[in-house]
Amino acid sequence: MEKKTAYCLLFLVLLVPYTALGAVLKRAPAKKEKRAVPLAVPLVYWGASVSPAVWNWLLVTFGAAAVAAAAVTVSDNDSHSCANNRGWCRSRCFSHEYIDSWHSDVCGSYDCCRPRY
C-alpha cells in the first residue's frame, strides 16, 4: 500500500503545479508584437557600383533607405569593378585574366575577370 501512496503523491506533486501554472498563464497579459528588424546590406556591397539587376534585387530585399545608407550606386551597364576592385566585369576576359566565378554574381550578365598573378 505504501507504494501506491508514494505514486499518488508523486503524481499529485507533478500535476498540481502544472494546473496552477496553466491558470496563471491564461491570466497573463499578451505580449506586444515586436517590430521586424530591417536587414542590413551585406558588406560586399557597401560603397560598390553594381549592375541594374543587382541594384533591383538590393532594393527589393533591403529597401531603398538601407541601400542609400550603404552608399551603393547603380551603373548604367554591367561593366564595372568587382572582387573589391581586384577585377572588372566584362563580357569576355582577356588572355591574361581568368573568370572569378565567386565574385561574378555582382556583374549581372557579365563575368568577373581578374588578372593572373
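Backbone N, Cα and C atoms are what each Cβ position is placed from, and that goes for glycine too.
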### Query
Which of C93, C107 is the other half of the disulfide bond that Swiss-Prot records for C113?
C93
### Message
Please report the Cα separation of C107 (disulfide bond) and C82 (disulfide bond) in Å, rounded to an integer.
### Response
7
### Message
Within its own chain, what residues at least 6 apart in sequence put their Cβ under 8 Å from the Cβ of C82 (disulfide bond), listed in sequence order?
### Response
W88, C89, D100, H103, S104, V106, C107, C112
### Task
Can you tell which of C107, C113 has the least company, meaning the fewest other C-beta atoms within 10 angstroms of its C-beta, among these disulfide-bonded residues?
C113
### Query
Three states by DSSP: which one describes C93 (disulfide bond)?
coil
